[in-house]
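**Student:** What follows is a single structure, and I will ask about it in a moment.
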Amino acid sequence: MEKKKNVTEFILIGLTQNPIMEKVTFVVFLVLYMITLSGNLLIVVTITTSQALSSPMYFFLTHLSLIDTVYSSSSAPKLIVDSFQEKKIISFNGCMAQAYAEHIFGATEIILLTVMACDCYVAICKPLNYTTIMSHSLCILLVAVAWVGGFLHATIQILFTVWLPFCGPNVIGHFMCDLYPLLKLVCIDTHTLGLFVAVNSGFICLLNFLILVVSYVIILRSLKNNSLEGRCKALSTCISHIIVVVLFFVPCIFVYLRSVTTLPIDKAVAVFYTMVVPMLNPVVYTLRNAEVKSAIRKLWRKKVTSDND
C-alpha cells in the first residue's frame, strides 16, 4: 500500500486560546503533573522497599502506578510546554507516537484494573486458597497479559491510522493527538474506520467493565450470609479499586463508545482521564489503606534518620 499524505505536521488548538488562561493552564497542569509523578513514584518506592507490602494486590498496584506515570507523561508535558507557544505544532510522527502511547497505556491500565478485580474476588471469596491461586508466577503472567493486550490494541489502531491520507487541513481541535480528532482531517470517508475505532476502543472498555461488574456481583453474593461487620471489612478491601474503576472507565466509555464525533466536552473529559485520574489513584489507594500509610511513614522515618546520621 502506498502511503499518501501531504501533511508533515499538525497544529493543536489546545485547551484555550486566551493568553491569560494559557498561563493559568501552565501553572495548574504543571502542579497536577508534579503531584502525579511524585505520588505514583512514592507508591512504587514504598511497595518495592516494604516487606509488609508483598501481597499480589500491592504487586498490581505497583504496576498501576508505573502505568499512570507514563500514561500521564504521554500528554501532560506537551500540554504544559504548549501553554507558552503561540502556535502549538506537533510533527506527524510525534502525533502518531502520542496517539499510540495514549492507547497502549490506557488499554493496559484497563486490563490491569480488571486483573485487580479478579485478585479482589479471590481474596474475598477464596481466602484460604488465596496465596496458592495468586502465585507470583501467575501475577507476572497476568501483568504480561495486560501489557500484551494494550500493545495489540494500540498497534492495530495506529496501523490503520498512520497510512491514511492527510491532505489538509492540519488543525486538530484538541490539546493532544487522538484518533477521533485525527480522523476528521483525513481526505477520504472514514465512516467505516470510525466504526472500527469505536468497536476496538469501545469493546475493550465495555468488555472489561462488564467483567468488573460481574466480579463484584459475585463478591456481593458471596458475602450475603456474612455478618455486617464481615461484609464491611471485606468490601473495604476493594472499595479503593471500585472508585478508581468508576473514575477511569466512565470517561473512556463516554469518549470511545460512539461514532466519529467530537464534542466540546471531550477535551475536559480527556484531561480528566489522562491527568486527573492518574493523580488521584495514589491518593485513593493511600487514604483508604492503613498498610500503605504505615509503610510510607516508616519510609519517611528511615529517610529522616539517615539524613540525621
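Cβ atoms here come from the backbone N, Cα and C positions, even for glycine.
Per Swiss-Prot, the features are:
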TOPO_DOM  1-23  topological domain 'Extracellular'
CARBOHYD  ASN6  N-linked glycosylation site
TRANSMEM  24-47  transmembrane segment
TOPO_DOM  48-55  topological domain 'Cytoplasmic'
TRANSMEM  56-77  transmembrane segment
TOPO_DOM  78-98  topological domain 'Extracellular'
DISULFID  CYS95-CYS187  disulfide bond
TRANSMEM  99-118  transmembrane segment
TOPO_DOM  119-137  topological domain 'Cytoplasmic'
TRANSMEM  138-156  transmembrane segment
TOPO_DOM  157-193  topological domain 'Extracellular'
TRANSMEM  194-217  transmembrane segment
TOPO_DOM  218-233  topological domain 'Cytoplasmic'
TRANSMEM  234-256  transmembrane segment
TOPO_DOM  257-267  topological domain 'Extracellular'
TRANSMEM  268-287  transmembrane segment
TOPO_DOM  288-309  topological domain 'Cytoplasmic'
**Student:** Among 24-47, 56-77, 194-217, 268-287, point out the range having the most Cβ pairs under 8 angstroms from the transmembrane segment (138-156).
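**Tutor:** Counting Cβ pairs under 8 Å, the winner is 56-77.
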**Student:** Select the most exposed residue of CYS95, CYS187, where exposure means the fewest other Cβ atoms within 10 Å, treating these as the disulfide-bonded residues.
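**Tutor:** Least crowded of the disulfide-bonded residues CYS95, CYS187, by Cβ count within 10 Å, is CYS187.
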**Student:** Are there residues at least 6 beyond the ends of the transmembrane segment (24-47) whose Cβ is under 8 Å from a Cβ of it, and what are they?
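**Tutor:** 14-16, 53, 58-59, 61-62, 65-66, 68-69, 72-73, 76-77, 79-80, 83-84, 275-276, 278-279, 281-283, 285-286, 292, 295-296, 299.
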**Student:** Sort out for me which stretch, of 56-77, 194-217, 234-256, 268-287, has the most Cβ pairs below 8 angstroms to the transmembrane segment (99-118).
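**Tutor:** Maximum Cβ contact count belongs to 56-77.
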**Student:** Going along the chain, which residues at least six beyond the ends of the transmembrane segment (56-77) come within the CB cut-off of under 8 Å?
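**Tutor:** Same-chain residues near the transmembrane segment (56-77) but 6 or more away: 29, 32-33, 36-37, 40-41, 43-44, 47-48, 98, 101-102, 105-106, 108-109, 112-113, 115-116, 119-120, 123, 134, 136, 139, 142-143, 146, 175-176, 270, 274-275, 277-279, 281-282, 285, 292.
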**Student:** Please give the sequence-distant neighbours of the topological domain 'Cytoplasmic' (48-55): residues at least 6 beyond its ends with Cβ less than 8 Å from one of its Cβ atoms.
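**Tutor:** Sequence-remote neighbours of the topological domain 'Cytoplasmic' (48-55) are 62, 291-292, 294-295, 298-299.
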**Student:** Hey, how far is CYS187 (disulfide bond) from the residue listed as 'N-linked glycosylation site', Cα to Cα, in Å?
**Tutor:** 10
**Student:** Please report, as numbers and ranges, the same-chain residues at least 6 past the borders of the transmembrane segment (268-287) whose CB is under 8 Å from any CB of it.
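**Tutor:** Sequence-distant neighbours of the transmembrane segment (268-287): 15, 29, 32-33, 35-36, 39-40, 42-43, 61, 64-65, 68-69, 71-72, 74-76, 102, 106, 174-176, 178, 240, 243-244, 247-248, 251-252, 254-255, 293, 296.
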**Student:** So, three-state DSSP: helix, strand or coil for CYS95 (disulfide bond)?
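**Tutor:** Looking at the DSSP assignment, CYS95 (disulfide bond) belongs to a helix.
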**Student:** C-alpha of ASN6 (N-linked glycosylation site) to C-alpha of CYS95 (disulfide bond): distance in Å?
**Tutor:** 15
